[in-house]
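*Asks:* What TrEMBL shows for this protein is this:
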TRANSMEM  54-74  transmembrane segment
TRANSMEM  86-108  transmembrane segment
BINDING   H106, H294, H298  Zn(2+) binding site
TRANSMEM  120-141  transmembrane segment
TRANSMEM  187-204  transmembrane segment
TRANSMEM  216-235  transmembrane segment
TRANSMEM  255-275  transmembrane segment
TRANSMEM  344-366  transmembrane segment
Amino acid sequence: MVGVITTLKDAEISAVVDSDGRSLACHVDQRPPGISLRQCLVSAFRPTNETGNFWTHFLPIFVFAFHFLEVFTWEGVPEPSNPFFYPFWNYFLGVLYLLLASSLAHLLNSMSLIIREICFFVDYGTISAYTVGSSLAYYYYIHPQAGIPDFGFKGQNSTQRKSLNADEEGWHSASSPTQFQLFFESLYIPSSCLVAIICVLICCNTRQCWRKYRYAVRTLVFLLPFFISSTPIFYRLQSPSASSLSSSSPQLFSTMAAFFYRHCFWLVVSAIFNISKIPERFSPGNFDIWGHSHQWFHCCTFLSILDELQMIKVEMRALLLNPTLILSPATPPRLPGPTLWSTYGVMVFLQGCIACIIALFGWQAYQIYGPEQKKLKGH
């Protein structure tokens, strides 16, 4: 029957584990390479080593979408197509691609050795795209008054808006920009894109090189985009006065900081699970279906994304609903507001670069696994 999957047991795993790259800590119910698309889809509902890996990133798509769309129910917000939301939609696409690619990579990777490699190349690419989506959201929402112009939000007339205080006027002053301002205005987004591309190259390379330390390399390599993309938040945390616009801003600032610290906490916990391979390292065979480290890694990374989303929403609510946080029309922003080219254009360009990298490594995978795949089909 087409829908029946014969999973590998202990005695059979050693024959494929080296070439297939499966975890030695997983002892039973591993899907064999070379199964059909239909069998892969059916395996999502059967107890295999990839079942939990699929669901722990597929179900969060709907949870994330629910919390994301909640923004558009706020009173007085502009239409979803308003340029104000361009960075937010790009952030949504980055997270969607990450969760969808991760879940499908785990679901479809047993179709062939070549498809397995390509699935995870795409997975690494979407992680990098997500970091740039986060950077776009940070660029326009997290940094104090970073180029969000007046889009004519409902319920906020010009008499309600207050001018910026001395701290904000200092930021917009063109006479003496600081080094951070120059970096942020000129290099922040390009740096995020460059680092994302470097991360894809390194992670894809770990499929063949540095295999002994591949999990540590893949985990540590994403520290760089984290630090680059989080630059606006570090600035806010080190310069609280930059957000002191009203008596309510300290509460807003502390809320943003709390979500960021939780975001970091879940990232650290996810890294520990990914590198240590706990709990299956200490109890091989008992966590093959549910509860192994990669599933906890998935859960923790999603919790970090959820806290990141809440952090961004806090800043967006402040910009949208608090008149004292809207730029005065008399004080033009130093940074340009979001446009199609500066948001969607950046993501399309990045995706094109990542697609070229995936194509290159995919061709290399074909050269390596093509002959072996033909042998498997011959049997």
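In case you wondered, yes, glycine gets a Cβ from its N, Cα and C as well.
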*Asks:* Taking every protein chain in this structure into account, which of the binding-site residues H106, H294, H298 has the most other Cβ atoms within 10 Å of its Cβ?
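*Replies:* The residue with the most neighbouring Cβ atoms within 10 Å is H106.
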*Asks:* For H298 (Zn(2+) binding site), what is the secondary structure by DSSP, using just helix, strand and coil?
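*Replies:* Its secondary structure by DSSP: helix.
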*Asks:* Before we move on, state whether the transmembrane segment (120-141) and the transmembrane segment (216-235) share at least 3 Cβ pairs under 8 Å, counting only pairs 6 or more apart in sequence.
*Replies:* yes
*Asks:* Please tell me whether the transmembrane segment (86-108) and the transmembrane segment (216-235) touch - that is, whether there are at least 3 C-beta pairs under 8 Å between them, with each pair 6 or more apart in sequence.
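*Replies:* Contact absent: fewer than 3 Cβ pairs fall under 8 Å.
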*Asks:* Counting only residues 6 or more past its boundaries, what in the same chain has a CB within less than 8 Å of a CB in the transmembrane segment (216-235)?
*Replies:* 124, 127-128, 131-132, 134-135, 138-139, 142-143, 146, 180, 183-184, 188, 191-192, 195-196, 198-199, 202-203, 206, 210, 242, 256, 260, 267, 271, 274-275, 311
*Asks:* Could you give the residue numbers and ranges of same-chain residues that sit at least 6 residues beyond the transmembrane segment (344-366) on either side and whose C-beta is under 8 angstroms from one of its C-beta atoms?
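*Replies:* Same-chain contacts beyond the flanks: 86, 90, 93-94, 113-114, 117-118, 121-122, 125, 128-129, 132-133, 136, 189, 193, 196-197, 200-201, 204-205, 207-208.
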*Asks:* What residues elsewhere in the chain lie close to the transmembrane segment (187-204), defined as a C-beta under 8 angstroms and at least 6 residues from its ends?
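*Replies:* Hits for the transmembrane segment (187-204): 121, 124-125, 127-129, 131-132, 135-136, 139, 217-218, 221-222, 224-225, 228-229, 231-232, 342, 346, 349-350, 353-354, 357-358, 361.
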